[in-house]
Amino acid sequence: MPELMQFLLSGLTVGAVYALVALGFTIIYNASDVVNFAQGEFVMLGGMITVFAYGAGAPLPLAAAVAILTTVFVGVALNKLAIEPARGAPVVSLIIITIGASILIRGVTQIVFDKQIHRFPAFTGDAPIPFFGATLLPQSLWVVGGALTVFVGLYLFFTKTLTGKAVLATANNRLAAQLVGINTGWVMTLSFGLSAAIGALAGVLVTPITLTSYDVGIGLALKGFAAAMLGGMGNPKGALVGGLLLGVIEAMTAGYLSSQYKDAAAFVVILAVLFAMPQGLFGAKSTERV
Amino acid sequence: MKLGSKHTTLLVLAVIIIVAPFFFPSSYYFRVGSLIFINGLAVTGIVILTGYAGQVSLGHAGFAGIGAYACALAPVYLGVHPGLALIIGALLSGAIAFLVGRPILRLKGYYLGVASLGFGILVAMLLTNEAQITGGPDGIRVADLGIRGLLREMGFRVKGSELWYVLTGICLLIGAWLALNLHDSPTGRALRALHGSEVAARTVGVDVARLKLQAFVISAVFASVSGSLLALQNRFITPEVAGFLHSVEMVTMAVLGGVGSVLGAIFGAAILTTLPQVLTVFAEYEYAVLGLVMMLVMIFLRDGLLPSLAKLIKGREQ
Amino acid sequence: MKVLASTALAALMAAGPAGPALADIKIGSTLAMTGPASFLGDPEAKTLEMLVEEVNAAGGINGEMIELIQYDDGADPNKARTFAVRLIEDDEVVAIIGGSTTGTTLALMPEVDAAGIPFISLAGSISIIDPVEPYTFKTPHTDRMACQKVFEDMQKRGISKIGMISGTGGFGASMRKQCLEVASDYGIDVIADESYGPKDADMTPQLTNIKATDGIEAVLNPGFGQGPAIVTRNYSQLGIDLPLYQSHGVASQGFIDLAGNEAAEGVRLPGTALLVADILPADDPQTEIVRAYKTAFEQKYEMPVSTFGGYAHDAFRILVAAIEKAGSSDPEAIRDAIEETSGLVGTTGTYTFSADDHLGLDLSAFKMLEINNGGWTLVD
C-alpha cells in the first residue's frame, strides 16, 4: 500500500508542525491560563527572520539562532508589556489582547520585511528518501524529529527539574505556588520565552517545506489551537498526539475522501471528541470553583 | 434620573442615528453609518451571549453567513422575496443554533471557543466549496430588495447608501430594544446569575442548559439578520462573511466597547468599523496601529471603552 | 423616512463644496496591498504610484496633474465596496483602477455602475466582463483564456487525458470551473480532479491519487500564492514524470525561486511578454514597452517585476490614453474613450475594446512559457 504510506508520511509531517505550535500553546496555558493566539506569529517570526538574516549573508545556523533569540525577546516583551498588566482580566479580554498582539506583530513584520512569500534551502538537501514505496523529504525528518525532541525535552523539564516543577505548581495553583516561595512572575517570563523559542524553532524547521510570509501565523495558530484542544489543553502529551492526529486525519481525508473537505473532517473529529470528552483526549477533569 | 436605563439607551441611540446625518459631508458617511449599524446588530447578539450569559463564541460569523446566503439563494431557488429570505435565514439560523447549541454549550471556556470555531469554519467551508450552489469563493450576487425602486415610483429619489442608513438604523433600534427588554426580564436576570457563577445559579434552581441555549439561539438570530442586511445592502456576498476573522471581529467589537451593555458594544462596533477608514492615512502602518489599539484598550480599560469612559466622567464629577 | 432623507440631503448640499474648481484629475484605486492577495496588490499599487509620478513629471495629461488616491482593501470584498463608495462620493474621483481579486471586483461593480464611474479591474475571472457591464473593463486575460492556451499546447503535444489539482481560493476555483467547461473543445478528458486549501503545507496525498490514476498524461494546477510552488515541489518529490502545467497566476520569478530550479524544470505556463522581456525579439511590438516598464520598476523598487504589476501598468496606460483622447475628465467621456481604445500595446498584450468586448485581448497575447535552468523560455 504505497498510497497509504504516502498519506501517512504527509500527515505526520504536517501533524508535527501542528504539534509544535500546540506545544507552544500548552506551555503558556500551563503557566498563566492564557491561550496565546499570537503563537502562530512566533512561528512566522522564526521563518521570516531566518529568511532575511540568511539573505543578508549569515550562515543558516546563525540566521536560525538570531531568529529564535529575537522571537524569544518578542515573547518575553509580550508577557511583560501586555499579559502581566492584564492579570485577572476575563478570558475573552485575554483572547482579544493576544489577537491584538498577533495583528500588531504581523503589521510590524510587513513593514520591517515585506509581503512576499519566501523560503530558504532545506538543511540536508531536497533528494527524496524512498520509504516503503512512498517518498519523503529529508526536511520532513527534521520537522518530525524536532517535534519529538521538543516533546521529550519538555517532559524531562517538567518532571525532572526544579524549575519545571515550579511551572507545573504555578499551573495547578498560583496562590499556593507563591506561598511556597515560587517566583510566579519569573515562571511566566520563562514560559513565554520558552514558548516563543519553540514557535520560532518550528518556523525554522518548516519553512523549507511550507514556505513563509508575514501572514502565515494566523492559519497555524488556528490549527495549533485546535490540536491543543483536541489533545486536552495544558498537557504536552495531548499537544503532541492532538497535532499528529490532526495532520493524519487531514491527509487521510484528502487521500481517501475529498481534498476539498479535509479541513472539515478535522473539525468534525474535534467536535466529536469534545462532545464525548469535554476536556479533550488527555485533559484533566476540573471542577468550577464557586 | 427619571428614565430607566433601557429608555436612556434607546433614546441615545435614536438621537445619534437621526442627528448624525446633519454632519455628513458626503453619502459615503451613510455607507459607513449603515455598516456600523449592521455590525452593531451582530454585537448586540454577542452582548446577550457573552455579556449576559458569559459564554464565548468564536464562530458566530457562521450564522451571519447563513443569513447572508439565505438572502442570496432563497430568492433564486424558492422564488421568495429577498425580504422574506431574511426571515427564512433567521429561522434557519435559530434552528441550527438550537441543534448545535445543545452539545456545544456543555463545553466551557476555551473548549467552547474551539467548538464554536469549528462550527463557523464548517459553514464557511460549505459556502466556499459548494460552488455550483453558492457561487464559491468569488461570491454571489444578491437580489434587490426593491425598496429604492418603490420609492422612485412614488417620486422619491434616494441614494442607496442613504436608504440603507435608515433601514439598518431602524433594525438596530429594534434589536437593541429586544436585547434591553431581555435584560430586564426574569430570563435576563437568570442569565446574569448564570454569568456570575454557574454552580450557584444551578443550586438556586436555574435551568442552566436551557438558559444558555436560549441566549445562544437569540444571539445566532441577531448575527443572521446582520449577515442578511449586509448581503441585501451590498447586493453581493462572499464566504468571508462566515469566516473566522469576522467571528473574531464581532467578539472584539463587543468586548472593546464594553460587552456588559448594549450601548457599549455598539460603541465598540462604531469604533472598529470607523477605525480602518480613519487609519488609511497611516497606509501600511494600519494593522500595527489597529493591533496596538486593541491591546491598549483591553489592558488599561478592562471593562471596555464606554464603561471606562463613564467611570472616568463620574470620577471627575465627584 | 422621506423627511429624514430629504433633510439629510439638504444638509449635504449645504455642507458640500460649491462648484469645485479642480485643477487635478483624481484617479482612485482600491487594491489588496495587504492580506492573502498582497502579492497581487503590492506590485499593482507600486506600479500605479510609479506611473503617476512619471506622467506628472512629464507635464501631466493635457497639462493637468494626476492625483492618485489609493486604498488597501486587504482583498476583503466588503471593504472594497466601502472604499469604492468613498472614492466616488467623498474623494470624487473620475475613474477607478482596482479590485486585485475577482471577489473585490464583483463587490464594487454595482457601485461604479450606479454612479457611472469608469472602472478597470485587475482581476482574472471571466464573470467580470461576461456579461459586459457598461462601466467595467479589465486588463488581465480571463481564466478561460488561460485554460484554452494550456489545452492548445497539450493538444499540440498529443495529450488527451489529464489530472487537475486546483486551489480552493477564488482564483483556483474559478479557473478550475472554466477549464472543465472548455476541456472537451480540445479533446481533453479531465480524469482526476483534486484540490487543496490556500494555506496547505503538503499536497502529496492529492498528487499521489493523481499519479495512481490510469492513463494520466499531464497535470494542470490552477492556483496562486504559495500553493503552486508546493505542488511543484511535491510533484518532483513523488517523481511524477509527466508534463506539469501551471497557470498565469504564478507567472513571476518568485515562483521559480520558491519551487526551486530543479523542481520547476520543464514546467509550462501561459504568461505575458513581461516575463521574457530580455529574450523577446527586437521587432516584437511589445518589446519596447515591456522593457521600459521592467527597467523602471526594478530600478525604483529593487524587486523583480511581476505579471500582476503589468496588469496595473496596462490599466493605467489605457486610462491615461482615454483621458487624453476625451480631452476632459468627465467620467462619461472617459468611459466612451476607453471603449474606443484600439491597438494599444501594453505589457499583457495589445488591447482593442468595443461595446461588447471589455477585455480587448485575444489568445495571441498569451505566450506559452517553459522554465529551463531557472529562467523562462518561449515555447512557440
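Backbone N, Cα and C atoms are what each Cβ position is placed from, and that goes for glycine too.
Keep in mind the model is a prediction, meaning the values are calculated, not measured.
Per TrEMBL, the features are:
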TRANSMEM  B:9-30  transmembrane segment
TRANSMEM  B:36-54  transmembrane segment
TRANSMEM  B:84-102  transmembrane segment
TRANSMEM  B:109-127  transmembrane segment
TRANSMEM  B:163-180  transmembrane segment
TRANSMEM  B:213-232  transmembrane segment
TRANSMEM  B:253-275  transmembrane segment
TRANSMEM  B:287-306  transmembrane segment
Discussion item. Quick check: do the transmembrane segment (B:84-102) and the transmembrane segment (B:213-232) share at least 3 Cβ pairs under 8 Å, counting only pairs 6+ apart in sequence?
Written reply: yes
Worksheet item: Between the stretches B:9-30, B:36-54, B:287-306, which wins on the count of C-beta pairs under 8 angstroms to the transmembrane segment (B:213-232)?
Response: B:36-54
Response to the item:
Across B:36-54, B:253-275, B:287-306, the most C-beta pairs under 8 Å with the transmembrane segment (B:163-180) come from B:36-54
Worksheet item: Under 8 Å, at least 3 Cβ pairs, sequence separation 6 or more: does that hold for the transmembrane segment (B:9-30) versus the transmembrane segment (B:287-306)?
Response: no
